[in-house]
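K.L.:
Take a look at the following structure, please.
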């Protein structure tokens, strides 16, 4: 059977919390069997997309996200930087492309971008696309006009995570609301940009909270094209890093993490499910189970914004052991006009 015979299978946006909870409660083998079947119906079974994430503006963010060491409220000693020069960003993109990445993601530690920064952002998007790579930005909240500007520049994806379950949101962040996140996602959709939206598990939440997190994503009118699933990297000096340090909750159980990936795959079968932060501390066996559960995208390189990542050599060795191959880029090279 052609793995791409049904690239966009029928999807549902009417999942109930009870249905999602029942998936989480399945025997592990049954859950993985369902997830793998859903995965193969829409995606190549043994291909994984390689993406690279670059911090183009680090630290100094006014938001109080309890998980983030780039917040001005965190006491981590991280020094804030200005927005990177366009040329330096494009040099990093070229290095990522040469290392095998097909998507280049650029992240800025802002509550929202200022209009004065948009011309440089536009040049970054255009420059990366001319290399034949897919582009993704995560810049915080957007206005409708800013989303349209990014769309006109050719931006492929905009990342804006919902972070956690709606009912738990104010326990993690107080400087914005869950509804603020949804509003930006609506602007991105209306502008015609693909949505990258997921969140973080391992923040001391319960399984019921993880059910709520998946439910919020799987009941969006249109599912995100990419769903990053992050495992919290506890950083000393952040609210959650200090709260969870030296407790059993400091790291999510790997089997529970795999379950979360599997449920994301079943409920959002056409989406790319990306293993994101926290992968550097996962065993190879746990990562292999995540791929079995339907994950088909990872971030490569030694860094994810300001935290450590698994690294290219370890990833290449794991792919070789698993018989997994990198996915080709969908973005065509755009030649500049003469």
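Cβ coordinates are placed from backbone N, Cα and C, and glycine is handled just like the others.
Among the features that Swiss-Prot reports, domain 'Radical SAM core' is placed at 46-270. Positions annotated as [4Fe-4S] cluster binding site by Swiss-Prot, on the basis of sequence analysis: 61, 65, 68. Feature annotation from Swiss-Prot assigns [2Fe-2S] cluster binding site to 105, 136, 196, 274.
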K.L.:
Tell me, what is the mean pLDDT of the domain 'Radical SAM core' (46-270)?
P.N.:
93
K.L.:
DSSP secondary structure for residue 65 ([4Fe-4S] cluster binding site), reduced to helix/strand/coil, please.
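P.N.:
SS state of residue 65 ([4Fe-4S] cluster binding site) = coil.
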K.L.:
Out of 68, 105, 136, which of the binding-site residues is least crowded by other Cβ atoms within 10 Å?
P.N.:
136
K.L.:
In Å, rounded, how far does the Cα of residue 68 ([4Fe-4S] cluster binding site) sit from the Cα of residue 136 ([2Fe-2S] cluster binding site)?
P.N.:
20
K.L.:
Starting from the Cβ of residue 65 ([4Fe-4S] cluster binding site), draw a 10 Å sphere and report how many other Cβ atoms land inside it.
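P.N.:
For residue 65 ([4Fe-4S] cluster binding site), the count of other Cβ atoms within 10 Å is 21.
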K.L.:
Are there any residues at least 6 positions away along the chain from residue 61 ([4Fe-4S] cluster binding site) with a Cβ closer than 8 Å to its Cβ? List them or say none.
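P.N.:
For residue 61 ([4Fe-4S] cluster binding site), the qualifying residues are 68, 70, 71, 72, 109, 110, 111, 140.
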K.L.:
Reported as an integer number of Å, what is the Cα distance between residue 274 ([2Fe-2S] cluster binding site) and residue 65 ([4Fe-4S] cluster binding site)?
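P.N.:
Each residue's Cα considered, residue 274 ([2Fe-2S] cluster binding site) and residue 65 ([4Fe-4S] cluster binding site) end up 21 Å apart.
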K.L.:
Please give me the CB contact count at 10 A for residue 274 ([2Fe-2S] cluster binding site), counting all chains in the structure.
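P.N.:
A 10 Å sphere around the Cβ of residue 274 ([2Fe-2S] cluster binding site) contains 26 other Cβ atoms.
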K.L.:
Whole-number answer please: how many Å between the C-alpha atoms of residue 65 ([4Fe-4S] cluster binding site) and residue 105 ([2Fe-2S] cluster binding site)?
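P.N.:
Roughly 21 Å, rounded to the nearest whole number.
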